Amino acid sequence: MKILSVLLLALIICSIVGWSEAQFTNVSCTTSKECWSVCQRLHNTSRGKCMNKKCRCYS
């Protein structure tokens, strides 16, 4: 039971820290496809996602 609580705590800490290294932009979008060129231009990566009508780039 102790191990389970330690694992749960570790999972929560990892979720809070946000190790995804996402970079937010102020560019409006409706689909993730629109973010690919924006992320390439701004952050030199083609991995982007449209979240809450804003582009979010991942490194």
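Glycine is no exception: its Cβ is also placed from the backbone N, Cα and C atoms.
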Fill in: Recorded disulfide partner - Cys29, candidates Cys14, Cys50, source Swiss-Prot
Cys50
Worksheet item: What range among 40-47, 48-55 does Swiss-Prot record as region 'Interaction with Ca(2+)-activated K(+) channels'?
Response: 48-55
Worksheet item: Pick from Cys35, Cys39: which cysteine does Swiss-Prot list as forming a disulfide with Cys57?
Response: Cys39
Response to the item:
Those recorded positions from Cys29, Cys35, Lys49, Cys50 that fall inside 10 A of Cys57 (disulfide bond) by CA distance are Cys35, Lys49, Cys50
Worksheet item: Where does Cys35 (disulfide bond) sit by DSSP, helix, strand or coil?
Response: helix
